[in-house]
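Participant: Quick one: the structure is below, and I'll ask about it shortly.
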Amino acid sequence: MARVLIQFAHPALSKSKVHSSLINYCRNINDVTFNDLYEKYPDMFIDVAAEQKLLLQHDIILFQHPFYWYSSPAIIKQWLDLVLEHNWAYGTRGNALVGKKMGCVISCGGGPDTYQETGRNRYSVNQFLLPFDQTAHLCKMEYLPPFVVHGTHRITKEELMRYAEQYRAILEALVHDQFSALDYQKVTYLNELAPSLLTTK
Amino acid sequence: MQETFFFQAMVYLAAAVIMVPIAKKIGLGSVLGYLLAGIIIGPAGLKFIGQEGTDIMHFAEFGVVIMLFVIGLELEPSRLWRLRKSILGTGGLQVGLTAVLVAGLALAFGIDWKQALALGMICSLSSTAIVLQSLNEKGLMKTPAGQSSFAVLLFQDIAVIPMLALFPLLASGEIAPATEGGHHSANVLDSLPTWLQPIITLGSVAAVVITGRYATPYLFRIIARTGMREMFTATALLLVVGIAVLMTTVGLSPALGTFLAGVVLANSEYRHELESDIDPFKGLLLGLFFIAVGASIDFDLVLANPALILGLVFGIMLAKLVVLFFLGRSFSLTRDQNAIFSFGLCQVGEFAFVLFSFSSQEGILSKEITDTMTAVVAISMALTPLVMLVNEKLMLPRLTLTADVVEDRESDLVDEQDSPVIIAGYGHFGSTIGRFLQANNIRTTVLDSNSDNIDRLRRMGYHVHYGDASRHDLLEIAGAAKAKVIVIAIGDEEKRLEMIETIKKHFPELHILVRSTNRYDAYDLMNAGILHIYRETLDTSLRVGIDAMTLLGHRAHEATRAAKMFFMHDERTLKRLSAIRNDDEYYSAVRENQQELSRLIQADRTATTLRVDEGWDEESLIADNGS
């Protein structure tokens, strides 16, 4: 069993169909905590002590947010800057997060084809996410492949539904420790672990 | 009984100190407290004071003079000019109609026409002291009712002058002029030729205006430079007393003269200083005056002929009430405002005492009539605070509900039934909240008890309802059962607690957001079980703090975050201290205050919550990498 913390950030959730649907699917899973950062800190004034306590209570930390300018909305950066303190999260005496897992759950307007050398965005999603990868590494955490919802500009209801079900299945699998380190190494996106999971069920 | 000055002073002060707080506590208002104190220490009660009560009354009438000076200070010339219509219109008609009506009644009872006319004129006057003091205390001065009352009272003060001039013509010769007593000696003008008299009178008024306008600011500047506070007070008193003497000498009302001086000084930079220096004198002298009125009620006379006296009191007050109500209607006061206006002014005023003694001197009215009428006037004055109280508690609730909410304004209530937000109190605090919500298309229902404010807002197209928001029925009509949130933005702390009690009892689902004056008020609100408390000056003060830090060279963002941390810390400490405070109830308020202040400072020094954002601090990182 593992406890999952979803650090959610969307400054205009009332305008986002994708994240509203994802949230509906993940909100009521046992051992998954949903932490709505923009709702909790509308003025970006993050309560560092409370956030650190929350981190200690969970094993897997997921940042769920739209892929703004190839990165996260501002509050996630603010959160990283303030909460991951030296000698707490990293540094010689910073061992609070050792052994935990960290990953990203993002939504991008462009399709998978745009995120490659010949595409409009020239680099892959995983390349853009390198700062998160390295942050996890510096904090002695294990970095997970991202869960990505592509092509949100033209997504259909059915596609969105499929993504949401995938997301839910993966979260439940994470809670129940159903993936091995090898599974993570095999895939680019976390999504890929979902079909097998859905069919076996 | 000791007749020394100190003993007298002690009796008066003790009576006031005991009775006024009691009267205030049980909601009777200070005027009634003073009057009761007077009755208790007077001839009818403990007999501490005897007949000298009347002399004290004449001395204490100076309180009225000072009061008019203070009122003048608060009334800029431009505002007075705007009031000219109601002063001349409402005031003139009130004096005229009441005088005619009362004189007519007196004639019907077989009194000679000259005496009847004198009585009519005397009874047309109301009590400036009682009415203005009561209206001020209830915070009604700025309402239409308050303004109309003031206009009428001002006209009456002016009307006393021609009355005094007219009275000698009414002397019938049948009644021998009284020789003893008489507080109004003939003024110096009588010895001068007739053509010179009006010139001197007008000249004195001009002198007051010109002195007030050009000389006094200069004088006050010199006095202020001495840096002696008591000199300033003395100068202010000298100014008022001087004008009173000048006016009495030329036969004008001293109250009117000082009022004029007050208006002239209303725009000067020393206005507030003057007001705060003069104010205690005004309050004490007025209190003394009310005590004297209470003490001067001749209960032997009343008991000898109770039916006549009470009949007269009732008859005169009713006659005045009818005239006032009719005037209020014709000058388009709303129903509730009209009730405040007419019930407030329906007594006979303190000038009646002056006019009675004057008319017995001149041989216009017989001693029996003046004695009886003096008792009637005193009783009518003593009844005024009671009448106002009855009006406020019994009449107004019905009037406001029927007049403003159910009948006239039902239509806009229907579509407002489902406003999610109710805002109670639409002053500067509440209106900002309302504008903000409306800018975001959130419908609000507004309740306010200042009808002046409401008319203005309605003209601007807001949906505002008149009414006391602590009343359950009014909240029901405003849709409290369907709303989600109620914002209590009224300024009156006690009223807020009353409202909270009503809401918790009848609409427990409603989220209550409450404005609070300061931290002590916030404690009370916490004890009342309120979660959302907003200290009205906290955010603004911190913004000033941020700007101060920024001007001292701190980075704006850091200062802003420091303020936010302080804010959160302060809210937390508030919660903690509110609990501690309950245990320390026995400490005096002063000690409490000091202790808490030092507790706060201590807490700030040791608080770990006030540390800087360490995530942005590189020192430990550099040290770590170096090792």
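Using the three backbone atoms N, Cα and C, a Cβ is placed for every residue, glycine included.
Since the structure is predicted, the reported quantities are computational estimates derived from the model, not experimental observations.
Quick paste of what TrEMBL says about this protein:
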{"type": "TRANSMEM", "residues": "B:6-24", "note": "transmembrane segment"}
{"type": "TRANSMEM", "residues": "B:31-50", "note": "transmembrane segment"}
{"type": "TRANSMEM", "residues": "B:56-75", "note": "transmembrane segment"}
{"type": "TRANSMEM", "residues": "B:87-111", "note": "transmembrane segment"}
{"type": "TRANSMEM", "residues": "B:117-136", "note": "transmembrane segment"}
{"type": "TRANSMEM", "residues": "B:148-171", "note": "transmembrane segment"}
{"type": "TRANSMEM", "residues": "B:195-215", "note": "transmembrane segment"}
{"type": "TRANSMEM", "residues": "B:236-264", "note": "transmembrane segment"}
{"type": "TRANSMEM", "residues": "B:308-327", "note": "transmembrane segment"}
{"type": "TRANSMEM", "residues": "B:339-358", "note": "transmembrane segment"}
{"type": "TRANSMEM", "residues": "B:370-390", "note": "transmembrane segment"}
{"type": "DOMAIN", "residues": "B:418-542", "note": "domain 'RCK N-terminal'"}
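Have a look at these and tell me how they're positioned relative to everything else.
Facilitator: For the transmembrane segment (B:6-24), the residues of the chain that approach it from at least six positions outside its boundaries are 30, 32-34, 36-38, 40-41, 48-49, 287-288, 291, judged by C-beta separation under 8 angstroms.
Residues of the same chain lying 6 or more positions beyond the ends of the transmembrane segment (B:31-50) and with a Cβ under 8 Å from any Cβ of it are 1, 8, 11-12, 15-16, 18-24, 56, 130, 133-134, 137, 286-287, 290-300, 381-382, 384-386, 389.
Residues of the same chain lying 6 or more positions beyond the ends of the transmembrane segment (B:56-75) and with a Cβ under 8 Å from any Cβ of it are 49, 128-129, 132-133, 150, 157, 183, 240, 244, 254-256, 258-266, 271, 274-275, 278-279, 281-282, 284-289, 291-293, 295-296, 350, 353-354.
Long-range contacts of the transmembrane segment (B:117-136) within the same chain, counting only residues at least 6 positions beyond its ends with a Cβ under 8 Å from a Cβ of the stretch, are 29-31, 63-64, 67-68, 71, 94-96, 98-104, 106, 111, 145-146, 149-150, 152-153, 156-157, 159-160, 163, 166-167, 170, 255, 286, 289-290, 316, 319-320, 344-352, 355-356, 359, 364-365, 369, 373, 381, 384-385, 388.
Tertiary proximity for the transmembrane segment (B:148-171) is limited to same-chain residues at least six positions away from its ends with a CB under 8 Å from its CB atoms, namely 68, 71, 83, 86-88, 90-92, 94-95, 114-115, 117-118, 121-122, 124-126, 128, 131-132, 135, 141, 177, 184, 251-253, 255-256, 259, 328, 331, 333, 337, 340-341, 344-345, 349, 351, 354-355, 358-359, 362-364.
Away from its own ends, the transmembrane segment (B:195-215) comes close to residues 189, 243, 246-247, 249-252, 257, 260-261, 264-265 of its chain (Cβ-Cβ under 8 Å, at least six residues beyond either end).
Same-chain residues lying 6 or more positions outside the transmembrane segment (B:308-327) and placing a CB less than 8 Å from one of its CB atoms are 90, 93-94, 97-98, 101-102, 105, 123-124, 126, 301-302, 338, 341-343, 345-348, 372-373, 375-376, 379-380, 383, 387.
Counted with DSSP, the domain 'RCK N-terminal' (B:418-542) comes out as 55 helix, 26 strand, 44 coil.
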Participant: Short question: which residues 6 or more past the ends of the transmembrane segment (B:87-111) have a Cβ under 8 Å from it?
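Facilitator: Cβ under 8 Å, 6 or more out: 117, 119-121, 123-125, 148, 151-156, 159, 315-316, 319-320, 322-324, 326-327, 331, 345.
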